[in-house]
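Read the structure below first, then the notes.
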Amino acid sequence: MFASLAVRYKCLPMSGDKAAIRGWTRTQSRLGRQAARPVIIFGLLSSLLGVGQAWCVATVLGQGLIGFVSGAGAHPHDLWPVFAFAGLAFVRALIMALSDTAAAKAGINARRRLRGEVLASILTGGPALLRKTHSGELTTIAVDRVEALDGFFARWVPASILWFAAPLLILVPVCFVQPHAALILGLCGAAVPFGQAVFGIGAAVASRNQFLAMTRLQARFLDRVKGIATIVLAGRADEETQRLGQAADELRQRTMKVLRVAFLSSASIDCAMVLALVVIAITDARQAMALLSGGASPALAATLTGGLFVLLVVPEFFAPLRSMALAYQDRAHAQGAATAILDLPAPAPRPSPEGARTVNASGVTISLEDVCFTWDPARGPALDHISFTVPAGETVILAGPSGSGKSTIMELLLGFIQPDSGSVRLNGAPLESIVPDALSRMVSWIGQKPVLFAGTLKDNILFARPDADEDDLMAAVKAAAVDQFLPSLPEGLETRIGEGGFGLSGGQAQRIAIARAYLKNAPILLLDEPTAHLDPATEKSVFESLQRLALRRTVVLATHSAAAHMFNGRRVDLQSGCVVARQGVA
Amino acid sequence: MSNPDQHTRTTHARAGAPASAVPALTDCQAILRILALWQKQAARLITGIMLALMALGLGLVLMQASGLRLASSVLGEVVITTALLRWVGGGRIILRYAERLFAHDAMFRALADLRVWFFHSLAQGAAAGLGFRRAGDMLSRLVSDIGTLDGLYLRILIPFACACLTLPILVLQLGQQSVALAGVVGLLFACSAFLVPYLIARSGRAEGERLGKNLASLRIGVLDLVGGLREIRAFGAEGRILAHVQADDASLLAGQMRLARRAAYANASAFLCGQVAVFLVLLAAIGVFSLHVSPLAAVGILFLTVASFESAAALTRAGLQSGAMGAAARRVVEVAASTPETVQASTQTDAPEDTHIHLEDVKFRWAPDRPLVFDGLTLDIPQGARVAILGPSGVGKSSLAALLLKAAAPEAGSITLGGEEISHIRAASLRRRIAWLSQATHLFDDTIRANLLLGRPDATEEDLWTALEEAAVADVVRTLPDGLDTWLGEGGIKLSGGQGRRIALARTLLTQAPILILDEPATGLDAQTEQDFLRTLNNVTKGRTVILIAHRLTGVESLDRIWRLSGGLATAAAA
């Protein structure tokens, strides 16, 4: 049980990665702070305006009370504090709206930047990334993980400055009005980070202890729902429902264990605020009582107004601390995202190797010389000293069971991976010395299941060469026999296919891939089990189209279909990464 | 035989589209339905709300008491004692903590109930069909929808209940001084707590829907980019695809900015309502507009007003989220609500011992607007027979399996098992007799052992290895460091496609069902392994009915009968 858990979670950050995560968070905070500068300035202004308003209110109430005490019922009231209050309120509302907007903008800009970086990373990593990471997971990183970072930039980053800057700023006027109240507020305020730290660490420890179990239980629900048909048809729905109920209950108990400690940290803010309120109310009241014996003296008025002012300022003082506590979970999200993002390769454009070059594009000879490649050392080499040559314009069939290394050879030829030793050469030039753009211009590739992008059929074919004109397009459509099934589509070439569009059969999809290859007209054609998912009749007609496409091109065809004999070419038999037989002179 | 209406409901729900036959729920109805499901936790949920109300009440009292304590001192009397202040303060802290803890606990209980209910309804209803259509993405969206609903209680219901309590307190307290002032401030409070959130919720709904669509199209774009990495690299299309995705991203972010701006103004107006209220109280304190309030009372109501409006601010946020919440509730309720089979539960029987399968003149289509898959299909599969059903992809081989398993119902015709109409047989009982290995059979994110045990929970270690042996995957499992306890990972990604299929096959073979439907069991195997494997299959399935679905035969299968499907009919081919 524990062993399997360890296997399951070995992808989680180990202590060595923690520094990387911290570094990432720090870099992002620095970038975020620049964007959050308006939010911070507006936040400080808003606090100051709040202090001003409190002063206005305290003045009005203080004058009223003093007037009441001195018995002068018709004491002339100043109207200015009331209208000053209203004016300040207006400005403050405006500033709050500006601050909210600026925060949203900071979050949006940061997400735009990060999403761009993540997508660039994914494109840099290329197909080799899909071996390690599920495509759904990568999509989640680029879409949802980045989306969840909004709070980090819009709330946490400004809050991480404001939580100490705003209370300190508020303390200045308080200090002028009532130094002893400033001291009380300052002490209570200082206790908050202390409490936060103590309980925050406690919560972190608690959540570290619970984290694995929580993740596992959450993933379990999603997984079971995805496989619900399998469960129902196996007749295990009731057992699984029950087990799910238990898992959900366990999840609750574990979450509550974390929250019990985490809520203490917000309770510590409540505690500090209540303490400040009560102590200030009592000390000021005592002072006022003492001064009362002297009648309505200016000192009494000052104490009263000052006391009311400080009481009104207390919530303002603690508001930034509260926002920080609320934004703390946004920081946790950022760390989660950091783990996922740091796993991606650095988003650098592939460096063009020294002396990069292009290769004469017509008539390419492919040769593999003593190539070795290992995906996972635990499983042994995927390719073990493979050598063969495909002369220009000829075809080599790679045969062998699944896992024998056919796909690995394809990935090498596509330049998705580099050999551990040995070399892959095109017309004698090592593959890694060829500019990626030039390589992609020379190679057409058709896999088991072509990816059809969301868009029209025409867009999907033009994907191979967006600047192709109508004649080229129609020629490719005809050559790939796409025109044979066009009449069955509702809108012909303009039919929307892919995600959320019209579904095409496997054979039809493969014809689109062939049309792409015609349109691209590259000298090398790599075919990776192009008929693996087709029935024999379709397979035969797809192979016929491929034969026409293969004319005068250098072709590598990986297949274990018996129908491959239609291609008259050399044949290389692979088994567990070794060449076991050759036919023709390969 | 299910009636046509039921049929429509099943297929629509299966396709994941809002079922047109089910009257579309409004957000409000969906939320009420969710609340009804939470009945079991009602006591806890209500206690959570009560605690929140008490904590809020004490909060208001504390603010007011502090002000009064100071103000009353000028009158030389102590209206508020130090002890009272301490009690109120301490009580406030403890209640607030208790409220948070209790409310979260209640909410997690309610969510757990909701998840179990959701899973159960899916399992009861349309779920079986989900395996025939790739609905995994829709389902994962629903899972996150359930997560979204945690805000319903914590962020909408509780603040709403608190605002409902605050309003009368505020009005009563102010009313003792001046009825006019109480009326105006009460109105302002209602504006700030109810009207502004309502308006922002209403205006946010359209924008929210648009945002949802934008997010979906961004997701599709990114999925295309990730899924098409090979194509993109092979065609050198990095720049073009990136530009395309970033255009989607830009329109999503622009929409979010519009919404954020609107939210900022809503927040500011809710704030201004509170400020106007304070302004009026101040005017009253001065005695303008013949609103006369005694100075001491003015201090009390001022502090109360400030604290009340602060508590109402949470509702503007709630209004912003209510659109998303309503949509989530609607999706969850709609998908789970289509449970067509429970209707007939009372009249159903257990599956008979005899496993003779007979289909007579069956007509079937997946949805009314789709073409017929079967048009008068007739098949006879005797007990213990080994038959193959051949045909190119898309001809309805999987639909046949769906019909036999009651994951779909025919439009016309009859399907019998041992002479009994399968529509009269309880689905669970039927499915215990038929084991099915489909193209979409799910491997769970669990150990190999747990995956196998789904087939037969009481299987021994020996049984497991036998099944793995029969499925020609035992050697692979033996080389894994943790053997049977190796974690498969999501969708079995730690194994190759072919190996995963064979684990799934082992699970199917492990069941003791007398009928096996094997849908392309040899996909992903090379020719030699495939033949070995099919030969093994001849031996291990002795005595069971085997329905082999394939697009071609290798010639080593020993079969009693072969049918070829085409044009919605089955024609016998040479055995």
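Using the three backbone atoms N, Cα and C, a Cβ is placed for every residue, glycine included.
Features reported for this protein in TrEMBL:
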- B:45-318: domain 'ABC transmembrane type-1' (DOMAIN)
- B:357-575: domain 'ABC transporter' (DOMAIN)
- B:42-62: transmembrane segment (TRANSMEM)
- B:74-94: transmembrane segment (TRANSMEM)
- B:152-174: transmembrane segment (TRANSMEM)
- B:180-201: transmembrane segment (TRANSMEM)
- B:264-289: transmembrane segment (TRANSMEM)
- B:295-315: transmembrane segment (TRANSMEM)
(message) For the domain 'ABC transporter' (B:357-575), what's the mean pLDDT in this predicted model?
(response) 80
(message) Please report, as numbers and ranges, the same-chain residues at least 6 past the borders of the transmembrane segment (B:180-201) whose CB is under 8 Å from any CB of it.
(response) 163, 166-167, 170-174, 262-263, 266, 269-271, 273-274, 276-277, 280-281, 284, 291, 293, 305, 308-309, 312-313, 315-316, 318-320, 322-323
(request) Report, as numbers and ranges, every residue of the chain located at least six residues beyond the transmembrane segment (B:152-174) whose Cβ falls under 8 Å of a Cβ in that stretch; write 'none' if there are none. (result) 31, 34, 45, 48-49, 52-53, 56-57, 60, 103-104, 106-107, 110, 181-183, 185-186, 189-190, 193-194, 300-301, 304-305, 308, 311-312, 314-315, 317-318, 321-322, 325, 329
(request) Give residue numbers and ranges for long-range contacts of the transmembrane segment (B:42-62): same chain, 6 or more residues beyond its ends, CB-CB under 8 A. (result) 85, 88-89, 91-92, 95-96, 98-99, 102-103, 105-107, 109-110, 153, 157-158, 161-162, 165-166, 169, 304, 307-308, 311
(request) State the non-local partners of the transmembrane segment (B:74-94) in its own chain: residues 6+ outside its ends, Cβ under 8 Å from one of its Cβ atoms. (result) 55, 58-59, 61-62, 65-66, 68, 296
